[in-house]
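K.L.:
Quick one: this structure, given as structure tokens, is what I'll be asking you about.
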Amino acid sequence: MDKKLYAPDITKLKGVRKFSMVTAYDYTSALLVSMTEIDVILVGDSLAMVMLGHENTLNVTVDEMLIFLKAVKKGAPNKMIVADMPFLSYQIDIKDAIENAGKLIKAGADAVKIEGFEYPIPEVTERLSSIGIPVMSHIGLTPQHVLKFGGFKIQANTKEEADKIVSASKKLEECGAFCVLLEAIPEEISEVITKELRVPTIGIGAGRFVDGQVLVWQDLLGINPNKVPKFVRKYANIKDTIIESLNRYHFDVINSTFPSFEEAYHLKRV
């Protein structure tokens, strides 16, 4: 990667090449991403689940997001960073949304991601965009609406739902979104949206025809010991390596084979 990308660069990639995004939540992970060709880092509110152990994303706060965001920024200053606006940080009123989005930008985000398309989301998207804060919209399966959906379920399964999603994507584009994230919807619907929008789409569980793809770090690297969705491709199985390495360390300790003479400090000979 020759240079860091920004929102306008992502928009210009549509029809030129696809782009990649991966989550990162800490300094070390971000440092590793900084050494790769990955285009964008997402500091997602999914950290509530994979880093903090919550059942869903509803419990994470802006202050918690800021801690992880600042760490990621230190590790990957050469990468575009998108930060999730957590639950209730933008839904109450536009003033709150501006203040909270501003905190994320000041902490190192190059754009914010906002879930949903019903009031006041279009208005918030338009206002943030108008004051210079790039917005990535997120529709389809929006985890902050998990209680409304009754779980993490595929969306846009009916014609009515599909029409609503397509219409919403156009509205959010009109409001200034530089990119639209589509989650867990049929790829036939993603293809329609991708063709009709001028801005790029990025998918997670949205099939082959979107303009970019995003996956969770722990899922694609095979770190997550829990069951992962069918759309995840595991590029490694690091979980087993970690478990094996920790067990080897344990047995080396109890068998007094770690540390060795070479791994210890010694008095200098006079």
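Even glycines carry a Cβ here, placed using N, Cα and C.
Whatever TrEMBL says is automated annotation, not expert-curated.
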K.L.:
According to TrEMBL, Asp45, Asp84 bind Mg(2+); which of Glu37, Glu55, Glu99, Glu115 is also listed for that site?
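P.N.:
According to TrEMBL, the candidate sharing the Mg(2+) site with Asp45, Asp84 is Glu115.
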K.L.:
Calculate the distance in Å between the alpha carbons (Cα) of Ser46 (3-methyl-2-oxobutanoate binding site) and Glu183 (active site, proton acceptor), and round it to a whole number.
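P.N.:
Each residue's Cα considered, Ser46 (3-methyl-2-oxobutanoate binding site) and Glu183 (active site, proton acceptor) end up 13 Å apart.
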K.L.:
C-alpha of Lys113 (3-methyl-2-oxobutanoate binding site) to C-alpha of Glu183 (active site, proton acceptor): distance in Å?
P.N.:
13
K.L.:
Please list, in sequence order, every residue of the chain apart from Asp45, Ser46, Asp84, Lys113 whose Cβ lies within 8 Å of the Cβ centroid of the 3-methyl-2-oxobutanoate site.
P.N.:
Leu42, Val43, Gly44, Leu47, Thr57, Met65, Ala83, Met85, Pro86, Glu115, His138, Pro143
